[in-house]
Amino acid sequence: MNKNQKPPFKQNAIALSFTLGVHAIAIVGLLFLGLSKPPEQPKKLTTVLVKPEDLPPPLAKEVEQPTVAENQAEEVLSPIVDETLPQNLPAAPPPPTAQQLAAQKQKAEQAQQAKLAEEKRKAEEAAKVKQAAEQQRLEEAQKQQAEAKRQAEAKARAEAEQKRKAEQNAKAEADAKARQKATEEAKRKAETEARLKREAQKAENAKLQAQQEAKRKAEADAKAKQQKAAEDAKRKAESDAKAKQQAADNAKRKAEADAKAKQQKAAEDAKRKAEADAKAKQQKAAEDARRKAEIEAEEKAASAKKAQEEAAQKKGEAKKIASSAKRDFEQKIRRAWDVPTGSSGKTVSVRFTLSDSGSVSSIVITRSSGDDALDASIKAAIQASAPYPMPSDPDARREARSVTSTFRAQ
């Protein structure tokens, strides 16, 4: 828009002012013409032909000049009577007197003052009309300006509302897309986690079945070993008893033979021999008892040692089973661990205890990573991985209840 071009409402105001001014001038002119007195009708003039003989004789010279002038004025002012005219003509009006002239002058001045007063009144009315027109023009201009401002504000509000709605629609569309993307991502993640859990559960079931099979085999082997050891011990005991009985029988037979041989000797030799034999028997019985006690002690020691070895072997197997279970627990936790962004390379150590059913009893951070979010995420992963598959062996299950591990964020 040209800067010199006035706004439409200003152009309209100027045109309105000009129109009102023209009308005001026309009204004032009409009022002036209507209130002015109509012009007086012109008086009739009568032409009189004066003959020289009809003129009056001249006055004496001694009359002073002012008197002559006055007479001339009187002659001039006096009506000239044409005696040739009929006598029945109306007489000319007498000349106005000084009082009449003063009254006429006063009347003319009053008329002039009235005219000036009327002109002043008309001018004031015209000024009032002009002022009213100006006031109306200003009010109209203000109304137009207010209307233009209102329209501009309404347009600005409409544009702002349109912009807000556009931004709101864009935001709603973006939010809808984000929600749809998040839903699809969550669905994909849930499907992946479900598949991984199924695979892990399948592997866990296979491993548990293998462990149970190994346990049954170990129990069968242990039972077979125990039964064989019992049978060996029984056979050894029977052999030892038989050997002892045979030795006793041999000794008895030898004693009987010695007694019979000694009986053939003299009574003294028999007595001494009997005494010697009795002493020898006592010594032999004591020796046999000592050897028997030693054998029984050795057997008991061997049995105790065997029991210790079996217990140690069983404890070692329980530790192996518990260690394998703990490694499985850690793998399960790592699969469920949702590592926070920006935590790569950080490590956190944690100790947690489980119940016999595999539920989490307690969690303790033994060495923090320095990142509260990472520490909280490993706790959440431990809770989310429960329940844990506990070993069926009581000793292995007892060993697997307490787990201490260190996890490193990848």
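Backbone N, Cα and C define each Cβ position, glycine as well.
Heads up, TrEMBL stuff is auto-annotated, nobody curated it.
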The residue range that TrEMBL labels region 'Disordered', out of 21-46, 385-410, is 385-410
Long-range Cβ contacts under 8 Å made by the region 'Disordered' (385-410), restricted to residues 6 or more beyond its ends, are 204, 208, 211-212, 215, 314-315, 317-319, 321-323, 325-326, 328-330, 332-337, 339-340, 343-360, 366-367, 369, 374, 378
On average, residues of the domain 'TonB C-terminal' (320-410) score a pLDDT of 95
